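Heads up, the thing below is written out as structure tokens.
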Amino acid sequence: MSDHPPVPRAPSRPARALLVAALAVSALIAGLGWVFASSPGSAPDDDYHLVSTWCPRPIASSGCETTTIDGDVYVMAPVTTSHAQCEAFSPDKSHACIDDYSDSMMFPSYRYNDGAYPYGFYQFHHLLAGDSVEASAWHMRVVNVLIALALLGGVCALAPASMRQGLFLAITLAWIPMGAYFIASNNPSSWAITGVFAYGAGLFGALRSDGRRRWALLGIALVGALLCFGSRGDAAFYVFVVSLGVLIAVGRRDRIVEIAGASVLSAIGVWLMAGGGQASTIASSSATVSLSERLAVAISNIRYLPEYFAGFAGLYSGPGWRDTPLPGACVVLGLMLLGVGVLIGGHAMTWRKAASVVVVLGAMAGIPILIATPPTFPNLGGYHSRYALPLLGVWLLLWLAIGRGQQRFSRTHLVLFVVATGVVNASALHTTIARYTNGLIHDALTGWLAPANLNRKVEWWWAGMPLSPMALWALASAAYVAAVVIALRLLAAGPAPAPSAVSAAQPAGSGDGAGAEGAATRDETSPAAPSPASDAPSSAPSPTQEPTHE
């Protein structure tokens, strides 16, 4: 008896609309779970980021006073921003320590953005800063989640059907749990992760679409690039990396608008990177470290790369200030899912796919190796995996969406995937909530553990929150599983009938990309591209057979 489930009947338009609405609500609830899973100040360097949000450049117009101490300029910010990380590096300590401080008390801080980070993130979030630091922090986090959901929802709705399975897998494999944690934070990495993926997916989808969908996807790509420019210097540089990878992958030399736009945005990104903190770090390291020392550290960093990449799943780089160890089941299952994604995407290979993924992977590995040198960092162990995390989603998208077409998975595959990703999300969320409400429990043999009952001893919780920690965890965990199941149902049912179809013929002037990869540029309505959920005719590949080219 075949393990492949029968092809589900495509839902009617009203039913599909209900499924899409349910998916949006479930994804929002899952994202809100991460918003409230950790306290203000819980992300790395959040004292710096919160102070910079309350006192953004230019300081004179931010409403913050300054003072000079020993010749250095300090800004006067609420003490609950500069000391928001009071529990950092003490996993057994909850966020109740913040009760020793008051929002109305100002405190001088030297940790604020004085040019190391670009304009954008802090200035935008400053608009949401109010008298209550705690309330303002979660307001900002909710907005960041809404931005991510809006851009991702737009890309998934507008992208060709042949690309949607890759989009779904890239998001779930790359972002659960650490991507979700940072997106729902007050850290600029939120915009970096969302922006890089929105830019890459939008550009990739636009190159494979025509008409209004093409221009809408280009608009999403532009918004993603702006998020990158306004968040971090390295995220701005990633626009260049992603542009190069996507343009190589698709090879549409007739798409002048996309090529010109990507070139301009890439130039802006390189310029912002060159004038930011990361570039000065490289310059100072180059000037003070000998060649032999640099080579020794580089060799050490290369050997450490597997652990660095495993940090994407939380190994040695869990929530908080990397001071919240995630359960073994969470990290192991997360790495296993990433491995499965690598195996799935490796089924079909072309030279364009190989070149594009090498470009992105080279940046994921090369940039950390280049930057993580003394005196700024002793080695790669001190350079956070989150800095390279924005590129992981784009790398997986290129790896999974090029040359594979849509693959039908067996019922067993789907059940295992839902269970595994659900456990990863739920266990990480549970541990994170426990870390800040109760503190973790240390066992000499098993290490740090979260109490099973999150309501056992609640030392800190959000003011006015109607849900208990345990209720929030259960609701958000269930919502995530529901979102995954609904997304899989929509993918299996195939796209809704479109009012118009894009011609299957490759436009003239496509150049070298019009051969093997040219077929990948057909829109979802092209008759030459069978639906992943439909019984293909005899002249087309079987739903269970992966075509060499889309």
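The backbone N, Cα and C atoms fix where each Cβ goes, and this holds for glycine too.
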Could you check which of 190-207, 298-315 is flagged in TrEMBL as transmembrane segment? 190-207
Ranking 190-207, 214-229, 326-345 by Cβ pairs under 8 Å to the transmembrane segment (138-159) puts first 190-207
Candidate ranges 256-274, 414-433, 470-491 - greatest C-beta contact count to the transmembrane segment (326-345) (under 8 angstroms): 414-433
Does the structure show the transmembrane segment (414-433) and the transmembrane segment (256-274) touching, where I'm treating 3 or more Cβ pairs under 8 angstroms (sequence separation 6 or more) as a contact? no
For the transmembrane segment (235-251), find every same-chain residue at least 6 residues outside the stretch whose CB is under 8 Å from a CB in it, and list them. 118, 188, 191-192, 195-196, 199-200, 203-204, 207-208, 225, 227-229, 258-259, 262-263, 265-270, 272-273, 276, 278, 352-353, 355-357, 359-360, 363, 367, 390-391, 394-395, 398, 402, 510-514, 517-518, 520-521
Any contact between the transmembrane segment (470-491) and the transmembrane segment (190-207)? By contact I mean 3+ C-beta pairs closer than 8 Å, pairs at least 6 apart along the chain. no
